[in-house]
Amino acid sequence: HLIDYLRLSHHLIALNFLICTFDKLDLVSPKDIKITDTVFDGVEVRVYQPPAKQDEGLKRSIVYIHGGGWALARAKMGAYNNLCRIMAESLNAVVVSVEYRLVPEVCFPEQWHDALRATKHFLQPDVLAEYSVDPSRIAISGDSAGGNLAAAVCQQLSKDEHLTVRPKLQALIYPVLQAFDFSTPSYQQNMNIPILRRTVMIDYWIYYLNAHSDLAPSLLINNHTALDVGQAVSFRERLNWTSLLPSSFQKNYKPVIQTTGKAEIVQQVPALLDVRAAPLLAEDETLQLQPKTYVLTCENDVLRDDGVMYARRLEKAGVEVTLDHFEDCFHGCMIFTSWPADFSAGVQTRNSYVKWLDENL
């Protein structure tokens, strides 16, 4: 923030520089995984290809979109590089990791456009043939903000009548799915839990949607979706956690719904209610089109209820869903699997995620 104050650089650029500078650990053996950096329809991607085996048929594949609040991390950084190599090796699958552009270089909807363009390019029959991928065994996946992009891209793909190939599965890891209610039980319960405090998540939304930082206090108390904000009325039941969450998650928390709020917030930042930014707002007709879904959630995470509500809404729409909840884990844990941050929570969640993909893809 000092760098930002002195106008030397945006603080997110400085923070990402520090993250990528210290993230030089690359401890997973490459084995025979071929790693190629290329471009899909103008979007940088990194492709992981396991070696071809004699008399082997087409391989399954995963399009992976990394997290980091739409502003941090890279597909090529050590933690995500290791994750994708392990997936490619464990699943004998081609993994495409999307290097979408970040805040503050670009804001919504450009990250969504990057992820969509790269995915649609890969889904072309000739491209799949080039990488020896089975068109019927493709998953789209991502964690945190990457889970947001994966869900939003999957919704868009499901409605594209011109596509001949669509994902068989979607796998969302502690995804961020809505900016409608910042007082869900998990937001209240984990408001000060690292590594993602409630105020930090609100800041990420503000950066992503290119909104003014002065809006943070109003977003915190849900002034943007008060009862008198007409634009929010049609979405309210889609995020009614009193009916979507089991009692074990609701605990004794109460909804925070303002009677009178600030309708001008949604007028200034209409993307707050845009399903491309907030996939949990999608209508039931769109959810019915989604593929078989895996949602991983962690108890110690402000985003826990985003994932649980999405899983419940998908189930109600007739989609087969696996909700994989971890009572003793925290947001972002899956990338903490290498020394000195080799946490059991990271290994536990990663193994469960990879196991589900192996059994269903």
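Glycine is treated like the rest: Cβ placed from N, Cα and C.
What TrEMBL says about this protein:
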- Ser144: active site (ACT_SITE)
- Asp301: active site (ACT_SITE)
- His331: active site (ACT_SITE)
- 62-216: domain 'Alpha/beta hydrolase fold-3' (DOMAIN)
- 272-334: domain 'Alpha/beta hydrolase fold-3' (DOMAIN)
His331 (active site) versus Ser144 (active site) - Cα distance in angstrom: 8
Other CB atoms, at most 10 A from the CB of Ser144 (active site): 29
Mean predicted confidence [pLDDT] for the domain 'Alpha/beta hydrolase fold-3' (272-334): 97
Residue pair Asp301 (active site), His331 (active site) - Cα distance, angstrom, rounded: 5
Under 8 Å by Cβ from His331 (active site), same chain, sequence gap 6 or more: Ser144, Tyr174, Ile193, Ile195, Leu196, Cys298, Asn300, Asp301, Val302, Leu303
